[in-house]
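Q: According to TrEMBL, the Mg(2+) binding site annotation covers 72, 92, 95, 222.
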Ligand SMILES: O=P(O)(O)O[C@H]1[C@H](O)[C@@H](O)[C@@H](O)[C@@H](O)[C@@H]1O
Ligand SMILES: [Mg+2]
């Protein structure tokens with residue numbers, strides 16, 4: 001059967017690299033910072049411009065109206081965030097915007113592609129490190145064309161766990177987030193880390209540099225590409241309650257194996273978040 005998405009996969013890598021070059025160039029000039037849901041939820045003109053470049057390139061390549069798009073900054077401006085059966089690109093143009101603003105060296109372009117609500121491939125370009133992570137369903141995961149594999153650690157006491165505090169500073173969320181991190185730290189594990197970008201955190205799971213990453217409050221565009229990369233590197237993706245991953249639920253655990261995933265899930269204090277695909281009036 002003709003491999004119909006290989007061209008889209010290869011093109012997505014080219015687009016991610018071009019987007020990463022735009023981000024690097026923009027980082028050398030004055031960065032215009034704005035805010036979204038709170039004073040610490042940052043967005044820049046670069047986020048908006050790079051998303052337009054990505055969507056424009058994909059539209060030129062595949063034709064107007066043939067594919068759907070879920071982009072972080074388009075959704076922020078009111079576009080719907082609904083995953084249908086149509087071929088859909090799920091895009092975070094600058095994952096790690098706060099890092100980008102501060103010059104903290106982890107900033108990623110995240111591009112995923114889904115058909116019939118199934119993720120076909122994911123590309124994460126960590127552009128300040130010049131690391132191109134990619135994975136296609138059933139065909140393995142790669143970093144700069146070298147195949148990558150999750151860690152084989154099964155003992156939680158010998159693990160590094162990644163999590164993020166996100167941009168919501170409400171007392172309930174902050175308390176539960178740090179209480180969870182404290183319980184995991186004191187299992188004890190070797191260490192807790194956080195790069196500031198979910199996409200990069202998931203690629204660190206996929207390379208075996210850390211054993212797991214979990215977060216409540218992320219969005220589908222932060223994790224869709226990383227989910228394919230973790231899966232194809234031999235890892236596992238779950239909801240924070242141990243159920244199957246729900247891409248639009250804004251909560252996720254990615255780990256090297258079920259043993260580590262389930263041990264972390266025992267410690268996670270869950271708090272409610274509004275789904276990505278909730279009606280506009282509920283956002
Ligand atoms: O940089 P973003 O696209 O906003 O996503 C980040 C988020 O800002 C940060 O607070 C964490 O939640 C990260 O996991 C996200 O990737
Ligand atoms: Mg993001």
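Yeah, the Cβs are placed from backbone N, Cα and C, and that goes for glycine too.
I'd like to know what surrounds each of these features in this structure.
A: Take the CB of residue 92 (Mg(2+) binding site) and look out to 10 A: across all protein chains shown you find 33 other CB atoms.
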Q: Tell me the Cβ neighbour count for residue 95 (Mg(2+) binding site), meaning other Cβ atoms within 10 Å of its Cβ, over all protein chains shown.
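A: Cβ-Cβ neighbours of residue 95 (Mg(2+) binding site) within 10 Å number 32.
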Q: Here the binding-site residues are 72, 222; which one has the lowest number of other Cβ atoms no more than 10 Å from its Cβ?
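A: Selected from the binding-site residues 72, 222 on minimum Cβ neighbours within 10 Å: 72.
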Q: What does DSSP say about residue 92 (Mg(2+) binding site): helix, strand or coil?
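A: In the DSSP reduction, residue 92 (Mg(2+) binding site) maps to strand.
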